[in-house]
Amino acid sequence: MKNENKDIKTFFFDKDTALGSPGQYLMVWIRGIDEIPISLSYKNAITIEKIGSATSTLFNLDKNDSLGLRGPFGNGFEIIKESKVLLIGGGIGLAPLLYLANVLKDNNNDITVLIGSKNKRKIFFDNEFRKMAKVHISTEDGSFGVKGNVLDLLKGSVENVNIYDMIYACGPDKMIRSLLDFFNMENILEKTQFSVSRIIKCGLGICGSCSIDPKGLRVCRDGPVFYGTDIIDSEIGIYKRNHAGIRYKL
Amino acid sequence: MNVGKIDLKNPLILASGILGSTGSSLNRIAKLGAGAVVTKSIGATPREGHPGPVLIKTDTGFLNAIGLPNPSYKYFIEELNDFNRYCPLIISVFGANRSELVKILKNLEEYADAFELNLSCPNVKGYGMDIGKDPIFVENITREIKKITNKPLWVKLTSNVEDITKIGVAAENGGADAVVAINTVKGLGIDTESGYPLLGNVYGGLSGRMIRPIGLISVYSLYKKLKIPIIGVGGIENYKDAIEYFMAGARAVEIGSGVYNNINIFNEIKSELDLYLNKKGIKLEELIGLAHRRETEECNNQKSEEREQRY
Ligand SMILES: Cc1cc2nc3c(=O)[nH]c(=O)nc-3n(C[C@H](O)[C@H](O)[C@H](O)COP(=O)(O)OP(=O)(O)OC[C@H]3O[C@@H](n4cnc5c(N)ncnc54)[C@H](O)[C@@H]3O)c2cc1C
Ligand SMILES: Cc1cc2nc3c(=O)[nH]c(=O)nc-3n(C[C@H](O)[C@H](O)[C@H](O)COP(=O)(O)O)c2cc1C
Ligand code: FES
């Protein structure tokens, strides 16, 4: 176990083999509480942000406690080789990107990472990314790096997004929407991959709780990683559904 | 083809609770060849469903206790507005009592080509199976609902009873336009690492391949007792599975868990079924109940006593 910041912890499993590929997720069963989807942040680890009952219980586990795991599930990121890549992450969205960066590094890519954070205290994984990439950081309150969001950071630190062969991103819906719209304007959506989040109940693609409009794509099975072209016209960043399936505006 | 008072595009229908929670998800399955689609079961008030795990894959099927999560009829209307009517829409409903069902049916009536009354969900206390086990209740509620709505009414049955035909007959007497059999079969799993039951809700329902023989015997028995059409559900994964149900007496089938292996299952079964019928030079109609006619032939050959002993 490793504390990344006050609310974020990484849990390493005793197995040393890869539990899945970057962008894939596990269904993590906190016995007696709930089962939740969590991406791999290393080949054999998950990184959790404490936000509700399941994640808080996970947070308080002891070193030798065991968890129920199902998976890996979903389609992960498509990996390219020997190219120039840009990774953009906001908040806990950095978790799958760290594993991705590791694998991209093994494939001899030239990596740049943009990290968006609320404030200086919440920044995490920056040192891990620095080991294999150029790193730029923005904070909403300006307490570290560029003041603003990752889109501001992108516009400020990268002169021309066209120099990248692939752009990978994960973060809150609003962030993904702003990037989708920007990359659409730049006409490079086919070179962008996003890991998106919706309520995942079954993880197997049959219950329907993770469907996104208007194509009825299943985040748990068709995703969670989608090319920008597949989701540009989607509900992402506009509305979501809760556990009961009721829509709410973002 | 007309089944249970609605015109299906083909006899392969999406079962309730599978990719049926949103308009766009229903559109996707409709475009992938379903003859009709059934929505997730909709209730009077929003439900979040049970805590996870809610669905476990077993060797030959699934164990689930999703817990009827649904946005309530009120919020489901925006999903129904998104449905593009590519095929008929059957709205599945459940309720704890008559007044809940009245509210739901009145509000959803204009969107439905038919209603399917879920009297059979094994995983939610007080809602499905408890009431679906009592023939008197089933007959009464079916009759009540027929008074509330002019839309065709299908009644979905549970196999978790001693004699499913009693419930089927009750639905028919109450005025149901068709019965749908079966819902999931009660089941349990336990985590050997910790001793915890595998589902958040402990009690669950089995679906998929492993329950096909139970679905088949249910349809077969119902066919002997009912005049209204029977829609077969349970463990259909390929065209032969569907044909078995037709031969047992089903006029149409619903497919749920089979979507897991192959989201294009409706198109595929449809073309394989057509191929089969062409090769045999027969119509689907002739398959329906064929096993019963064979049984009668066998009876005429005076083997029936022997058969009963075997059973
Ligand atoms: C593909 C995918 C990968 C994820 N990877 C990570 C990760 O690496 N690290 C991490 O900390 N979190 C990750 N999450 C989010 C994580 O699943 C939720 O934070 C968690 O389920 C919250 O549970 P809770 O009981 O603590 O909070 P709750 O109080 O139950 O919920 C808080 C919020 O979390 C979200 N949430 C709740 N349940 C689910 C669910 N079943 N599926 C999706 N979102 C839910 C909802 O937005 C909800 O409002 C991922 C989500 C998805 C879909
Ligand atoms: C995940 C899941 C959710 C289900 N939800 C419902 C439901 O809301 N209402 C209902 O009447 N049946 C529901 N069912 C039962 C199915 O409609 C079907 O009767 C059963 O699964 C057997 O068919 P199958 O073997 O093809 O899946 C559900 C089944 C599964 C697996
Ligand atoms: S979570 Fe059940 S279909 Fe995606």
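Cβ from N, Cα, C; glycine included.
What TrEMBL records for B:3-274 is domain 'Dihydroorotate dehydrogenase catalytic'.
In the three-state DSSP scheme, B:Ser257 (FMN binding site) falls into the helix class. Taken from TrEMBL, the feature FMN binding site covers B:Ser16, B:Lys40, B:Ser41, B:Asn118, B:Lys156, B:Ile182, B:Gly208, B:Gly234, B:Gly235, B:Gly256, B:Ser257.
B:Gly67 (substrate binding site) counts 22 other C-beta atoms within 10 Å of its own C-beta, drawing on all protein chains shown. What TrEMBL records for B:Lys40, B:Asn64, B:Ala65, B:Ile66, B:Gly67, B:Leu68, B:Asn118, B:Asn183, B:Thr184 is substrate binding site.
Positions annotated as active site, nucleophile by TrEMBL: B:Cys121.
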Using C-alpha positions only, work out which of the binding-site residues B:Lys40, B:Gly67, B:Thr184 is nearest to B:Gly235 (FMN binding site).
B:Thr184
Rounded to a whole number, how many Å is the Cα of B:Lys156 (FMN binding site) away from the Cα of B:Lys40 (substrate binding site)?
13
Would you identify the secondary structure of B:Ser41 (FMN binding site) according to DSSP, in three states?
coil
Which one is closest to B:Ser257 (FMN binding site) in space, judged by CA to CA distance, out of the binding-site residues B:Ala65, B:Gly67, B:Asn118?
B:Ala65
Please list, in sequence order, those binding-site residues from B:Ala65, B:Gly67, B:Ser257 with the Cβ less than 6 Å from ligand 2.
B:Ser257
Around B:Ser16 (FMN binding site), which of the listed binding-site residues (B:Lys40, B:Gly67, B:Asn118) come within 10 Å, judging by Cα atoms?
B:Lys40, B:Asn118
All-chain count of other Cβ atoms within 10 Å of B:Ala65 (substrate binding site):
29
